[in-house]
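Checked Swiss-Prot, it gives:
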- R47, R53: NADP(+) binding site (BINDING)
- R124, S125, S126, G286, K301, P302, T303, A304, T305, R327: FMN binding site (BINDING)
Amino acid sequence: MGNTFGRLFRVSTFGESHGGGVGVVIDGCPPRLEISQEEIQIDLDRRKPGQSRIVTPRRENDICEIISGVFDGKTLGTPIAILVRNQDARSQDYNEMAEKFRPSHADATYEAKYGIRNWKGGGRSSARETIGRVAAGAIAKKILKSVYNVEIIGYVKRIKDLEAIIDPNTVTLDEVESNIVRCPNGETAAKMIALIDQIRLDKDSIGGVVECVARNVPKGLGEPVFDKLEADLAKGMMSLPASKGFEIGSGFAGTFLTGSEHNDEYFIDNNGEIRTTSNRSGGIQGGISNGENIIIRTAFKPTATIGKEQKTVTRSGEETTLAAKGRHDPCVLPRAVPMVEAMMALVLCDHLLRFQGQCTISDRFF
């Protein structure tokens, strides 16, 4: 249970960190969409381990194989299956964790729930599960781009106490990809990289915040009450490994303002469209997109698996210590950027199909 996301654009991920491979089955993708392995690979390469000195040194090519659902470079409308094979698992590094629980990791809770767990690499709780999401997200991005020219860009906003000043309305993908930490502010990025280098040498970890903007999102996506667009975005982001917080628009900072200070006042633009003079709502009002840029932030905790010795317990209830071995990210933020983008794309694509199914058909009634 809990391995499927979405209502009409449905993705089901599978696989474990040290198993034969990981992947995704996508159901509900419209037919005749032009898509290639190379397009999907672009985002997978941004997510893969071993890409720089500030991420896990595990070496995986993460080459995707499209198993079904695509023919002659176009989607068939049938389920799309994508597989990425694991090649560089070193399960012996985890032998100690077969008995000892890693503090703040999923080891103890998986054991409590199922009575059994795959301790090699964390199994399903590993961030390798997100390979399937990123692959599906690449297809969702293509749909959104093809229909409404929607552009989704994520970037590292903050690491520990180093926060970058970034304009989400103008930031570009080239700026994000200009350095290994994926912070488009070069001066702050250099400080972030130096901090991660030091944390890695200390055998410790740090967290931070990924901000993500979706531009050109049409009005009308999202549904009242339980399926509000921001509610589904929050679910998507909070389902990512290591995520601990979600904000949209003004977020928690908005609680310091009065209503007159916080409200986004309306005006009519040169095209006769209703617009807002500010965007503290983050592009969503009443759970429905208003046509402004959707701006969200996701907080990620410090990586739980660290080389520093910490107190823990064994499966049999004995107190002990653990200094984790294995290859792990000292900071998940650089590789979390494409994961956040993917979840944004999956939510928007699913709601776009729902909007088309419910609201555009009514045009035929009049």
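Each residue, glycine too, has its Cβ placed from N, Cα and C.
Just tell me what is around each of these and how deep it sits.
Listed in sequence order, D62, T130, I131, V134, R335, P338, M339 are the same-chain residues six or more apart from R47 (NADP(+) binding site) with CB atoms under 8 A from its CB.
Applying an 8 A CB threshold to same-chain residues 6+ apart, the list for S126 (FMN binding site) reads E16, S17, P241. The DSSP secondary structure for S126 (FMN binding site) is coil.
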Quick one, of the binding-site residues R53, R124, K301, which Cβ has the fewest other Cβ within 10 Å?
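Per-residue Cβ counts within 10 Å for the binding-site residues R53, R124, K301 bottom out at R53.
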What is the interatomic distance between the Cα atoms of R53 (NADP(+) binding site) and T303 (FMN binding site), given in whole Å?
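Distance (Cα to Cα, whole Å): 16 Å.
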When a 10 Å sphere is centred on the Cβ of T305 (FMN binding site), how many other Cβ atoms does it contain?
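So the number of other Cβ atoms within 10 Å of T305 (FMN binding site) is 23.
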Which of the three DSSP-derived classes (helix, strand, coil) applies to R47 (NADP(+) binding site)?
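Looking at the DSSP assignment, R47 (NADP(+) binding site) belongs to a helix.
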With H, G and I counted as helix, E and B as strand and the rest as coil, say where DSSP puts T305 (FMN binding site).
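DSSP assigns T305 (FMN binding site) to coil.
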